[in-house]
Amino acid sequence: MSNQLGVLNALDAAKTQWYHFTAIAIAGMGFFTDAYDLFSISLITKLLGRIYYFEPLSEKPGTLPPRIAAAVNGVAFCGTLAGQLFFGWLGDKLGRKRVYGLTLMLMLICSIASGLSFGKSPQGVMATLCFFRFWLGFGIGGDYPLSATIMSEYANKKTRGAFIAAVFAMQGFGILTGGIVALIVSAAFDHAYKAHPYNVDKEHSTVPQADYIWRIILMFGAVPALLTYYWRMKMPETARYTALVARNAKQAAADMSKVLQVDLNAEQEKGDKIGTEQFGLFSKEFAKRHGLHLLGTTSTWFLLDIAFYSSNLFQKDIFSAIGWLPKPETMTATHEVYRVAKAQTLIALCGTVPGYWFTVAFIEHLGRFTIQLMGFFFMSVFMFAIAIPYQHWKTNNTGFLIMYSLTFFFANFGPNSTTFIVPAEIFPARLRSTCHGISAAAGKAGAIVGSFGFLYAAQSTHHDKVDRGYNTGMGVKHALLMLGAVNCLGMLFTLLVPETMGRSLEDITGENEEDNGHQQTFSVEKVPV
């Protein structure tokens, strides 16, 4: 690779150093915050229903009406989708660093604002909550392409996949922390304010102070964002952006000399000759070189998120359906939050968190393609294994918990991690953040389909068992069968995704070739390690 700039070569060959772990921590805390903010809503939707939609004559506690529930659950995803597209594009136009602090500040402000949602009527509170959660999602959306791109451009080629996976793995800790915070807050309120279950005392089963619980849980999301802001602002721009997009090899060498603590030559003249052939996102040249890759990354992420988010957001409904959670009318409002949080924390601890770190451990040995294909395959297997003998699991909660945890384990030791990693590696530096944003936005479109669709589809086929305000659905069993089929489609589209293990980013995209009419095209052969 004689044409490779010295500064990029130094990054590729660098031994794992302290700055790698600093970058993982800074980018990872953003993802920790993302996951906490996105998934904490599922812990409090039942409580919101009890507080704001209480009906004195009803035999069951209040629940959010269908449209409100869909909006509260899904509005952050709509914001995330928009943010991924906008900040992905902006990250290529203005630079990764300049946009990076903006996304975190938006997340910090909107986390606090979500907890301060105001209004005199239930509709007013829900409207303001949805407004702030949309903009919270917008900030979260920006974190996806920027964190992945920054980590891929900072990492060395030997451990790049593991480093990007480690950033994404912080999502698992965010989900886990959401459950733990909800457990602590609900337990404290349960202890401080005694109440009778709904079937004993309807009016007083939800204490007035319960309104603070959901607000505290949502506002806690601002804490990790606040802790990370200073360090995020201190990070230098990535050398790959500075050298290949901003065309300033001298500045790239100066920045990375400080980071790597070695002297690097500027090589401005050489930088001017490398990767000068420009083509836009909508050009024939891009379609020829990367069209199938973009189809592969968008389709697999879309299909994965339909299954992953619908399963994650509606755990509480699935737990209720199999009898793992007591009937709502037998609990107080605060105790219900505690039970939902306990169930979600157990799933995160048993399946979600370990899956992420298995990817970190094995991605540089098995490769991205193998892990993604294997993950989709086992997700299909376990979805079908839960759905087909569904009646059996109603009397075997332990078996259900194991199977359900394994579904999440293979989502995270599989496509949930790899769909995040690959788009940060296979596209040219000047389009990397944009293409990652497009791929991630396709994923969030899948999450929207999953969260809105599953809400209705998972309703019981019997009129008397349907949640108030909903029509009958296909039932949890058939909804899970459908998710299994979605995972099978994911396996098929994975065949479009190339292997990138052990290769320099410029080698993958052909950016280290001089513009002499023989620029290298993308090669998809598997690289032995």
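Each Cβ is built from the backbone N, Cα and C atoms, and glycine gets one as well.
According to TrEMBL, the features are:
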DOMAIN    23-502  domain 'Major facilitator superfamily (MFS) profile'
REGION    510-529  region 'Disordered'
TRANSMEM  21-48  transmembrane segment
TRANSMEM  68-87  transmembrane segment
TRANSMEM  99-118  transmembrane segment
TRANSMEM  162-189  transmembrane segment
TRANSMEM  212-231  transmembrane segment
TRANSMEM  345-363  transmembrane segment
TRANSMEM  369-388  transmembrane segment
TRANSMEM  400-418  transmembrane segment
TRANSMEM  438-458  transmembrane segment
TRANSMEM  479-497  transmembrane segment
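Below 8 A, the CB atoms of the transmembrane segment (369-388) and the transmembrane segment (438-458) form no more than two pairs separated by six or more positions in the chain, fewer than 3 in all.
Counting Cβ pairs under 8 Å to the transmembrane segment (99-118), the top-ranked stretch among 21-48, 212-231, 345-363, 438-458 is 212-231. Most Cβ pairs within less than 8 Å of the transmembrane segment (438-458), among stretches 68-87, 162-189, 212-231, 345-363, 400-418, belong to 68-87. Of the recorded ranges 68-87, 162-189, 400-418, the transmembrane segment (21-48) has the largest number of C-beta contacts under 8 angstroms with 162-189. It is 162-189 that, among the stretches 68-87, 162-189, 212-231, forms the most Cβ pairs under 8 Å with the transmembrane segment (400-418).
Confidence annotation: the domain 'Major facilitator superfamily (MFS) profile' (23-502) carries a mean pLDDT of 87 in the model. Outside the transmembrane segment (345-363) by six or more residues, the chain places 161-162, 165-166, 168-169, 171-173, 175-176, 179-180, 183, 315, 371, 401, 404-414, 416-418, 421, 501 with a CB less than 8 A from a CB of the stretch.
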